[in-house]
Structure formats: structure tokens, C-alpha cells
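Comments concern the structure below.
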Amino acid sequence: MQKMAELLGLRDECGEGTLGAPALAGSCLADNRLNLDVYPDGCSRFLQLFKEQQGELVQVEFLRLSSNDFLLDTTLGSLPHLKHLKSLVLKGGHTRDKFGSYEHGSLTSLPPDFGNLRCLTHLDLSFNRLSSLPSCILHLSSLRVLLVSHNSLVTLPEDFGCLSKLTFFSAMKNQLKDLPQSIGELSMLQDLDLSENALELLPEEVGNLHNCTELDLSGNHLLSIPDSLANLKSLRRLHLHSNLLVTIPASLASLPNLSRLDLQNNCLRAIPAEIQALPFVHVRGNPLGETEPSPQAGLKSLHNVINSYMSSGSFTVTSEGCRVVLACGIRFYFPPGAASAPLRIHFRSLTPDPQWVKLRHHDVLLSRVLELQPHGIQFQQEVQIWMPYISPQGPHQHEVVVRTFSGQSWNDLKTRVKHKRKSKKCVAHCCVLHFSWFLVVSRLVQNECKVPAEGTLLFSSVDPNIKVIFPPGVTKEPRSVKLQVLPVSAEEIQEITAHAECRASPLLYLSQDSTVDFLKPVRIQLPLPPGVTGLNLDRSRLHILHGDLEGQAWNDITSEVVLEFTHLYAVFEVTHFSWYWLWYTTKTYIGDIAKKVYKRLRLYQVNFIALQRKRDPEQVLLQCVPKHKVDPVLKKLQDRYRGPEPSDMVEMFEGEQFFAAFERGISIDMDRPDCVGGRLSFIFYSHLKNMKEIYVTSPYVNRKCQAVKGQVSFYRGAVPDSIPEDASRRRKGPDSLWLATLPIKLPQLKPRWDENPSPLYGFSFPPLNLGNAETGYLTQANLLSIARRVGADWQSIGLNLGLTYQQIERIGYNNREDLNKQILDMLFSWAQQNSEDPDCVSKLITALKESGRQDIADEVEAIVELGRQKYSESIRRLGLEQESSTEDSAIAIM
């Protein structure tokens, strides 16, 4: 084992001996386990071990490799030699693209002699490129767990049922259109996940899976399900949501162990009375009560009935077309023939990341990012999208557009805007032939035209006095030209410059789709600055400034152009496009003044607020609010929160990063994914909620929480190059990025549940570690943290976790005088019953989302993700270099 560790490169800094053999036993190389998927060159290391230490390597029983490794194909030939192998993971998803999405692995097949692994009981080939199931898998006579999710499987082998020992099979997110009849021969199968496929019919033989406890058929194209499902007497959970079901067998109500039946987002207009009487059935998103259609009309019935109450989800579009409405207000119209075959559409609402959502100067972000998949799919007809947004308020004239990402750059779509009466909400409408990422942006009003060889005229709709004249012969080939204008008031100029005699015309921005200058000069007409006419003009005070694309440098080009004047206008000629600005002043260094003014025009005046819940002072709300919105926001929060007055006004850019740090005895969970160096990370967008609500803690003395007077301070992520120095509120030393500080006061609080975890309000449970080494762990301490936030939703969460209605009623009655006990009893009872279930953590997350508690679900996902990160860090501490964290690392969060 020591020799194998040396080959893996695990040596101390001096090169003498292996580094931490006990540590290795619990990480990548432990006894008969070999975890190489955490290495960027794991396959190379495996091949080296196979060459130099084959005798030891063939004894390995548990092996993990990344199928994103470019040496995977070479490595596959050696795997059949591992005769003792019991568990093999060849998953993709260990690398991400530039948008953060997991990349599929390169695995497309397996060698024929792979079927000689007679001891193999667990095989995970998820996140790969399999279009068919390798035939050698059918020879794995001991196989009990098979995962092939996130591949491209279209069908399963006809003799798939020969895997008689299979107890768990997941083929979610493939392209399966049908199932072989032999699937009914999997007599030991307990968990079958076929969600997010293209199944239209199920064979009657599915009813022979007598040991099946959970069946997930959600997200398919099913019009009906066979009556034989009523034979699944062991079935506890049946997921049928997001299909095209128009009927449901009443016989399902007779299943003795069924505790969850999800029929949401189908086309059911009538549900049998026996099904409706079940307390655990979910039917939201069905057109109940409408006229019952024929089964053939099922495809057309998908009309205004699909709703999602989550930030992500999916729905199916057929060739018949449909209308789709999401609960967040986003709407779609797929005309008949837009999709030539049934197509599964996946959507996600994402927080905009300035690393890839690149805003242009003076743009204002008005919505979150909507991701629609499959990316790049070409529809036969245009699909219409309506995206709601809050109407922008600002001093400058803007227009609203939908912006989409093409894979290389962001482009603006032709957009129509509809304002809702008696509401500040508006809707942006666009038509597309492909799906990718979409967001709503307010930009400077844009006028554009196609310039032919004969020349043309372009003027601004914001200020018709601004004109651009293209003479004949200005270009050989037609080119597109765009014009934008930023009006600047005299008051703004005087306030920023502190000089009453400084005046400027509107800012003009010109751009074109060609990199070649014009063949002839283009004439530009700008209005003279306010108060200046051709009669009182002092030419020595008039300056034409040319700015670069980023507005970082403004050059006086007055002496380089020929200026002509009329009573109201100045006219000059140029051959290339950028920013142009006409100034009237006695100042000498006008370029520096213009640079300062331009930067100021892009800044927002904001205030920070820090409020605490009246009923729970440990819960703190932090928000960065534009100055004109502070009073309305505080008025809306005053009934539930109290706290100090807002901070002094500071200035920030759209899309600028800032941090919040709790100080003087107040702390937060440093393991939060949005916590960087002990500080919470924010991104400022003037029309989005720059808000986070978190729990804080104070020091303990003798296990009692003492009152504390602390503070929260706000800091810039970095001082942008373009920010005016007097707007940076600079301090000396480490706090040079400081923006503002607000007090936080925590009174003496009652002991929390997690101060004395055993016994828990009269409950005594053995230590818990939910999950497994594949998915990460949740500990008893994690469950206690979750329980604190459940509140009155505990019954809904319990039902979605699979507890029966009778169990929920009994828990409520036994603890009828104490809500805390009800929550703990429900949560820990479920945890004890499911502690051996490898998917219990993911089921908890799903139950929380379905109960409308996305906030807690996010916390659980963050805990698991943190475990993976800590695991990766522990690997790196052993001397390994890893570019991206593995998706499935395991660690318990204590």
C-alpha cells in the first residue's frame, strides 16, 4: 500500500516517505478502495499502478475513475483484470463548462470482456455519452445497483430482465421511448427511476415488479399507465408528475403501502373518487373540472396548465403546440409544428453572475437569468416568450430589450413591451427559434440603419437634433450602424464639476458592424450645450471630445476636425465611430473632467440596511438599496423587523461586487457557499433585490448565550479602475475598501436546540449520518439546524418525505403542546427509518422543495456541497493538484 501511495505522488515536501498513511486510508486510497476520480490525471495514475504494482491493484474491490479523463479508453482495457471488483464508478460531471454546467464524460462503450467481472455488484456510468447499453453489462450476474442516468439511451436490451439480482436501477434523463417486456423479470428490483425520458407507453409487465417500493416515471410523454401497476403491493411512492396523462386507474387507490402519489402537471380533467380520497395525492397543475377529452386529444390539452413553483423544472412540448405558464410569471407559446416530435424542455432561474453576464455601460439588469434547455435546439417555428420585470426608474431615457447568449456573446432581441395597468410590473415579449440563456435589460435607446453605398441619414429618436449624415460613396458594401444618446442635464454637470460655467451636450455613441473605417468622412450634427448659441459662442471655450469604448480616456480632438456652427448646432466630420461629447468650459484639462463626469453618471447612490427580526433577533436581513427606494423598503419591513437607521449614502456600479462582515463578537456560518474569507458576498444590481437573510450567533459563556453589541461592516470587493477616488470612501490599511458600518445587538437568548443534542426535548436517538459516500452526509447537528427553520410547514414536509397521514396526526397529537417537539419527532423519526437509504438526502431536498421551502433545500444542498469541497481540500492538502472539485465526494459535516 505504501508503494502504491508513492506512485500516486503522495510524498512529503522533503521527498522522504509517504505523506500521512492514516490520512490516505480515509481519502483516495484506503485498503481495498481506490478513488482516482479526484485526480485530474487519475487514469494515468491507474495505468502506472497497473504496470508497476499489478499484483496489489487486482485486489482492489472499490474503484472510482472520472470519465472526463482523456485516457479513459486506454484504461478500460485493464479493468477486466480486477477480478475482485465489487463497485465501479465511471462517471462524468467532474469538469464544468464556463457557465458552471457539468460536462458529460467520453464513455460510449465498454470492452466485451468487461462482463467477466463476476463480483461486481455496483456500477455507475452516469453523465456519459452512452447511446445504447453495452451488452457486456448483461453478463454481470451479481449486479445489484446500476446507474446510467444523464446519458443518451434510446432503448434498453430486450433481455434486460436477465439482471435478476438488480435492486436499484436509474436511467433518468435519457431518451428512452419504450421499455422491453423483460423488465418485469427484475423480481428483486426495489427502486426504479425512469424520470425525464420520452416514454409514451409502459408494458403490462411492469406490474410484475412485486418488490418495487419506489417508481419514478415523471417527466415523460405518458398518456396512460397500465392497470397492472395496481399489482405492485410493495409500492410506497409513485411519481407520475409532468406527463400527458388524461386518465388514471382507480385501482391505484388499493395499493396497501402507497404513501405518495404525485400527479401534478398532467392533463387530467377528472380523477377517480377513490384517488381523490387519498390524503397523500398531489394533483396541482391539472385542468380539473373541464370537459373530458378523448385520449387522442391529449397532446392538445396541454394549454395554460403547466405551472412550476420552483426555480427549475421541466415540461413537455409536442407537435400539437401548447401554452406554458410558470408560477414566476414567465410564459411561453409553442405554435403547432414548432417541435416535430415530443420534446422535453428544462428551465432554470439563475442568479446573474457578472463573470459571464456582461453588461454594457449604462445598462440596467431587470431580471434574473432564464436558462432554457436543450441549448441551441432549432424550432420549426418561432417560440414566443414573455418575461416579467419591474419597470425601471431613472433620469435617462432607456428602452427594454430581451438579451440572449449565443454561446460566444450576448445579443439583443427584437422586443415588445407591455405595461400592466395598476401595477409596476411589465412584460417583455420576444420570439426565438432556439433556446439558451435570456435576461431582460434596460439600455440606452438605440436607433439603427443599414448604410448603402448611396449614403443615408440617421437621427436620434431621443434628441432629433442629433443627426449623422452618410454621403454617397461612404462605403462599398452595406453596413449596419447604431446610434445611442445619453442626455446629461446642466444640473448634473454643475453638481459633479462644482463649476457653474461647465456645460455639455448630450453624449453620442456610434458603432458599426464593420472594422473598416468609412471611405468618406461622416458628418455629425450635435446641439450646442445649454445656454450657448451661435451668437454668443466663444470658440476658445468649445471642445469636441472623443472617448474610447470603455469611457476611460477622453481626448480633445477640437484641433483635428473642422467645426462648423449654426445658431443651434455644431457640425464636424469623422471616419471612425466611438463616443463623442461637446463641452463648453474655461477649464484647461477638460479630458480629465469629462472622465470624472462620465464615471459619475454610471454610479448609483445607495444605502445599506441591517435589520433584525422582532421575534428572532438572531435572524438578520442585509440589503443594499438605491437611495430613492430606501423609505418604501423600510416601510414594508417595519412590522417584522427593527434595527438602526440606514447607512450613509455610498456610490456603486451596476454589477459591482461587495461584501458584508460581522464583527465584534458576532459570527456566521463560515462554511456558507457565499462566504468568502469570512465575509458574505453580494452583487449589486439596482433593480434586483440585493438582499440576504441569515442567522448569526454570539459567544457562549457557561453554555448560555450572552447579550452582545456587535456590528456589520460593508466592503467593496475591489476598487474598480473606473471609480472616482472621492467615491471610494478610502481608509488606510486593511480596511481601505470599507463602505459603511451598522450596529447589531443580540439580547440574551434562550439556549438553542443544538446546545444539548442528547436528549432532545425528551427524545433520545443514536448518532445519525444520513446519506452515503456517494452523496455526502447529513449529521444530527445538521438536522437540528434544519429543524429550527421548519416551523408550521412540518406536516407538509413530513407528507412529502413519505410519512403517512396517520403518522403525521399521531406526531401532532403526542406533542400537541409543543411545535418544536412536533418538528423534531417528525424529522428524526423519518431519519431513523431512512438512515440506510442511500438517496435519503436527495429525497429530503426534494420534499423541502415540494413543500415550498426552497430556502431550507438550498441550505441542505450547500451543506452537502461543502462536504465535497472539504473532501477535495483534504485531497489537495495531501499534495494533489485538482482543478475542479468532484461531484460526488463524501464527508460528514459536524
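Here the Cβ of each residue, glycine as well, is placed from N, Cα and C on the backbone.
Sequence annotations record features per position, and here TrEMBL assigns active site to H434, S436, H576, S578. According to TrEMBL, the domain 'ZU5' annotation covers 311-444, 445-586. Sequence annotations record features per position, and here TrEMBL assigns domain 'Death' to 779-864.
H434 (active site) is 32 Å away from S578 (active site) when you measure Cα to Cα. Here the Cβ of S436 (active site) has 18 other Cβ atoms within 10 Å, regardless of which shown protein chain they belong to.
Across the domain 'ZU5' (311-444), the prediction's mean pLDDT works out to 84.
Helix, strand and coil counts from DSSP across the domain 'ZU5' (445-586) read 14 helix, 59 strand, 69 coil. Between the active-site residues H434, H576, the minimum number of other C-beta atoms within 10 Å of a residue's C-beta occurs at H576. Under DSSP, residues within the domain 'ZU5' (311-444) fall into helix, strand and coil as 0 helix, 68 strand, 66 coil. Each residue contributes its Cα atom, and for S436 (active site) and H576 (active site) those atoms are 34 Å apart.
The domain 'Death' (779-864): residue composition by secondary structure is 68 helix, 1 strand, 17 coil, according to DSSP. H434 (active site) is 34 Å away from H576 (active site) when you measure Cα to Cα. In this view, S578 (active site) is surrounded by 14 other Cβ atoms within 10 Å of its Cβ, with every protein chain counted.
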